[in-house]
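Below is one structure, written out as structure tokens, with a few remarks after it.
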Amino acid sequence: PLIKINLQKPINLKNVRKFALEHFKRRRAPHGNATRQPSSTTVADSSVYIGIGGDEAGTSSAIGLSAGSIKVTRFPTADAYELVSVVKASKSTGTKPKLPKRLRQTPLTTTASAITPRTSLRHKQYKQRLQQHQYTDVFVDASELKRKMAQQNGDNETKPLTQTYLTEKPKIQPKYDVHRDVLSHEVVIKQTGYGARDKSIPSGMRRSWQHWSFLSLFVGIIPIVQWLPRYSLRRDAMGDIVSGITVAIMNIPHGMAYGILAGVTPGCGLSLAIFPVIVYMILGTSKHISIGTFAVISMMTLKVVQTYATEDSVLLAPAVTINVTASGATEAVNVAQIITPVEVATALAFCTGLLHLAMGFFRLGTLSALLSDPLVNGFTTGAAVHVTVSQLKDVLGVQVPRHKGAFKIIYTVIDLFKSIPNTNIIALVICVGIMIFMTVCNEWLKPCLKKRCRLPFPGELISVIGGTVISRLLDLHGNYGVTLVGDIPKGLPMPELPRMDLVPVVAVDSIAIAIVSFSVVMSMGLTFAKKHSYEVRANQELFALGMANCISSCFSCYPLACSLSRSVIQEQTGGVTQIASLVSAVLIIMTLLWLGPFFSTLPRCVLAGVIIVALKPMFMQAKELKKYSKQGKLELLTWIATFALVVLIDIDYGLLIGILISLLALYIKGLKPYCCLLGTIPEAPAVYVDLNHHRNAIEVPETKIFRYVGSLNFATNMYFRHSLYNLIGLDMKKLQRNKTAVQQNGKTIENGEVSQLNPFNFLILDFSMLGHVDVAGCKAITDIMKELKVLGVRLFISSPSDRVYDTLVHSMALGEGPFETFPTLHDAVEYAKACRLA
């Protein structure tokens, strides 16, 4: 038998067994007093059956407690007696109960949603995850409890216990009952002392300077002075050190690989993990992102380097030199200077930093919102295709000519197919082996070792060190012609200003890089800030990125960003502040000082394999197509168009056109805001819902309620009129003909004649979700009000925001209106009802 105990106050689940035993010690159930059946049942267990639940959906969660674990299952109330019979049959035979398939597949619902269905939790996890869940309805197997009590009391007698129910405490339903007079918006304005906000320029400047202080400005520009004094060595240092070591292990192969990907030396990629990291630690606001190399930015840098830094590319210097001829005459000639890849990359970094500083000065941090998720995913996936194709020449160990302009990726693939007969088999075998090893590490080794070790498995570093050692031992370059990384200078690069004559040359190319790098940094920064509850300021991030780019450009660095994989690792391994990035930078400095020449014999095919495997998350973004197809055609079109343009034309042009398509999609959505008619619920007359989605809702008699969601301006006023007349069932052309007839005949249409065509007398515009209205929108409302007045229909406006109300008042001062406004929709409905009954 099952016994229900109704508790006067909720108790934690772990105390249910103790409470039930104490309850039956105090009270024994008499025979035959069961007046109703239990609404829940339980799952069989070796010790005691305890069921928790009973919710609005008519289901109950059954929980079987055992010595060290807890198993949770939920069953519909209708299956209670079938479940009881299964439990009794299993107890009589001494076997484990076999539940029907229908019961085993019943999903877990809301009452115990923190627990995974049909899983066992350890005792500590059970306490942590269920201690806060409290219940009032408890069902206990009385026979098992009686046996437990007999064992405790030394009584071996088995006296029967029958079903007992305590009186269930009725649930209190809160009431919503307000009695007051119907208020117009003007009355509310007078009672609350409302005043329009002063929007003049002097008042705005006065508010901005009112709370200004030098200390707040200094702390805002240099955030490290705010968080460093509160840094706790005992609490934070260990996590930052472990995280910094982990990121450094990843940064060494990533820096070398992405440095080559950007068309510069591996040392430049390693320098990118030192100098900008220190600058960002001082000026940045994100605590967890890992500044340095990023595959997409490296690919975009490669495009600029290939454009301006080839051996055939020359830049005419403004200076002249004097050449002495054989006859002793002199002549002035222009000197053609060869532009190195590092010079182009550093000039590009300096120009990108200037753009970031300018964007921060003009408070343009919100520009990152222009890059929607479909746009970013399509762009990064297309860039991943470019990166993969650029690495295929190192995979095959061949040389292919460089191509520029549109369709260059297609021309490169054609050249690669032509070069297949010249493939270096040793380089191909090494690259395939590295890719297999990295895939095994990422898919199996790292997830398995993550449970036992805080540090991730350094697959990339093992690949780089192993490839270098094998190359030295076997002399892969001399014996097999495998291309090597080349000399890596020992020590840190000396500071040198970038070539200023190249800055205007690469200015246009730096725009796309500046936008993409800032968007990546902000997206990752906001993700971690939301998770750890701190603030990331967009304009300060622009200032930090600008200073980091400008300063690091003096140390042979190309444009920076944050790495997605390294940032996640830095946060997951316990990183608390940017001190973790400082630890990583110190280790990279030690690598450049002592281990730089060691990596000079590293085969490029090893780095190519590391890069290609690292691009897997970007290619997996193609799975988002299914989600975007469900969200809408415009999102799907944005992804496909951006991806195709990036792959076929070029990275920067694809990004620019993708932004234009995204803005066009946003504009199209803004032109057609959501509109609907509202009705009321018979059980709750003050609640108004969409008639299209709520079938039981009914219209208010003789009243139409029109809700408009969006902005009402010069671009949407025609759509507003058209949607309004369509939903309320009026023909605009017929309305115009009636209006013309009235003007020509000078007669007034009788209300009876109008009511035959128009079965309502009041129209309420619900502006609770109207964000903005301009003068053109106010004029459209006035025209509609005048047209409906001819038909004998009065127009009311409900729930306008203060901003919208100010615009309406200003329009009435200019001759529009007058508008009858109400603070709530229910006020407008009640006022219309009173007018109807008057």
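We number each residue from 1, going along the chain as drawn.
Each residue, glycine too, has its Cβ placed from N, Cα and C.
For reference, TrEMBL has these:
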TRANSMEM  209-228  transmembrane segment
TRANSMEM  289-309  transmembrane segment
TRANSMEM  347-371  transmembrane segment
TRANSMEM  425-445  transmembrane segment
TRANSMEM  502-522  transmembrane segment
TRANSMEM  542-564  transmembrane segment
TRANSMEM  576-595  transmembrane segment
TRANSMEM  601-619  transmembrane segment
TRANSMEM  640-668  transmembrane segment
DOMAIN    693-832  domain 'STAS'
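Beyond its flanks by at least six residues, the transmembrane segment (640-668) meets 299-300, 303, 370-372, 374-375, 378-379, 381-383, 385-386, 405-410, 509, 512, 515-516, 625, 634 of its own chain at Cβ-Cβ distances under 8 Å. Among residues of the same chain six or more beyond the transmembrane segment (425-445), those with a C-beta under 8 A of the stretch's C-beta atoms are 394-397, 457, 459-460, 463, 467, 470, 476, 480-483, 603, 605-606, 608-610, 612-614, 616. Across 209-228, 289-309, 347-371, 502-522, the stretch most heavily in contact with the transmembrane segment (601-619), judged by Cβ pairs under 8 Å, is 289-309. Between the transmembrane segment (502-522) and the stretches 209-228, 289-309, 347-371, Cβ pairs under 8 Å are most numerous for 347-371.
Same-chain residues lying 6+ beyond the ends of the transmembrane segment (289-309) with a Cβ under 8 Å from its Cβ atoms: 247, 251, 254-255, 258-259, 261-264, 269, 272-273, 276-277, 280, 339-341, 343-345, 348, 379-380, 383-384, 386-387, 390, 402, 404, 502, 505-506, 509, 512-513, 516-517, 520-521, 524-525, 528, 548, 558-564, 566-567, 569-570, 581, 584, 611, 614-615, 618, 650-652. For the domain 'STAS' (693-832), the model's pLDDT averages out at 81.
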